[in-house]
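J.: What follows is a single structure, and I will ask about it in a moment.
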């Protein structure tokens, strides 16, 4: 039988809540054992066949085809013996049958796989001939040699402690908190009020009333039917106005707030049918399991391994089927005699506590990032990376993103922030930061016209050095150099900045992509971060971190899953050029909003949508020696005007 969690209950309304409804449990059997015969097996074939039917009947839990001296007692006994076994039943095979005088003795081999171990034991059965038929003389000891008329078997399932998720420097991120299950307790509510109370509670906690009413009706008459699980501050003040409403307190692994890094961490909760199916026998309804995000992905690690105890306990009524007794105090395995009053342990598999999942998130940085995004009504993301290590310190999404992990796995055109990669490709093609490039109002490539953004500073037009083209974000200056690069050299440059290669890093991550094209106009569009270029905010934070660190930095989150770059390494000359153009962006370009806070930066916008209805992603990336940041606002005006203030709030 399962060990029920210790809970605290508060009941409201005219019907006071009673005890929590027992959780339904299931089980399974593993393994098989073929029948065998001993060398001194001298029994008649008819006796052997009867014994084989006994073994098959015990395995199936059905004795109707077994020749027995007292079938009614045997059927009743077998039902009572396995009442508390949660559906678990050993596989029984016939080991041998020997004849001794007028009777035969069958030796039965029983096995039951539990977790990583197998319970194996033998028992014997006596067969006597009655009117030409060999019948088993029924006794409970056939099922297990230590069973008697007053005892039965019981399975106790033990759960290990669910492990926490820890962050940077071992700081707590997901740890044990008290939560509150709000629901209807049917045990003390007249059935005529079930539907009305369920409807009222559903409306109060803002869940679908029709679905919850159906759930309440389908549950047993004594059930407590959970509507929603909330934190203390989210319990409705007027819940006591709903007849039969009840609050059950329990422990659950949670982050510090409901929204804290939810796009990455996900949630945990009580197992439902779908969880039971994926658990392959390790999960039962009512267990605490991961429901989404890292909590789900690493559920096996966090949950640990289930323990099992098989024991002999007293029947409540030795002459009839009994309901499970109270939870046993399991004694040492292998104790001698079975007393009806003292539970006797037969076999056990110890539970194993879960193993903590270590991630790189810094709780303070994550909280600051989420606070910085709090004024944004639409989707926005902010990612902070430690340049020296590549550790993701924060991966925040605005409220509008809900539980979606856009910060690390979103796919957006990065706009002019990608010009850092394009600058690297041009430097590798022979340009320097002082090389002149032509910043014209418009440029046409392969019949396609490109222009600068509407607020571009016209004083930086005509022939300007590459450093100014980056700082002022002149689109046409970059596109004018499209003949000097190819999609291959552009992809290679992006790779040196940690972008464009997928890695199995143990969490939802998109490291970006750069198209493979020979079309000049598509390549021109790629050079300014549009066309076939896509990136997540995390990927662009990696670009900034690579410039800050002076080497390829690939952001990572989960300990033990740190990726290794296979890209061409950055040279000292290349690093110096990239740092120069990003520093200039802060000193005299579009990144001045971060003056005094960031060492280097780059802004960007990227148009998306249908022609005539274009909208703009607003981007900004920046770095200091200690941190690299990328911010993306899905619908914004400009990098400096929309994303810049959010980074400023984060860094301040």
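First residue shown is number 1, and so on along the chain.
Including glycine, each Cβ sits where the backbone N, Cα and C put it.
Bear in mind that TrEMBL entries carry predicted annotations, made automatically and left uncurated.
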J.: Which residue range, 248-281, 282-315, 316-349, is the one TrEMBL calls region 'Disordered'?
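T.: Spelled out, TrEMBL records region 'Disordered' over residues 316-349, not the other listed ranges.
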J.: Tell me, what is the mean pLDDT of the domain 'Penicillin-binding protein dimerisation' (160-312)?
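T.: Mean model confidence (pLDDT) across the domain 'Penicillin-binding protein dimerisation' (160-312) is 94.
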J.: List the helix, strand and coil residue totals of the domain 'NTF2-like N-terminal transpeptidase' (73-149) as derived from DSSP.
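T.: Tallied per class, the domain 'NTF2-like N-terminal transpeptidase' (73-149) gives 12 helix, 41 strand, 24 coil.
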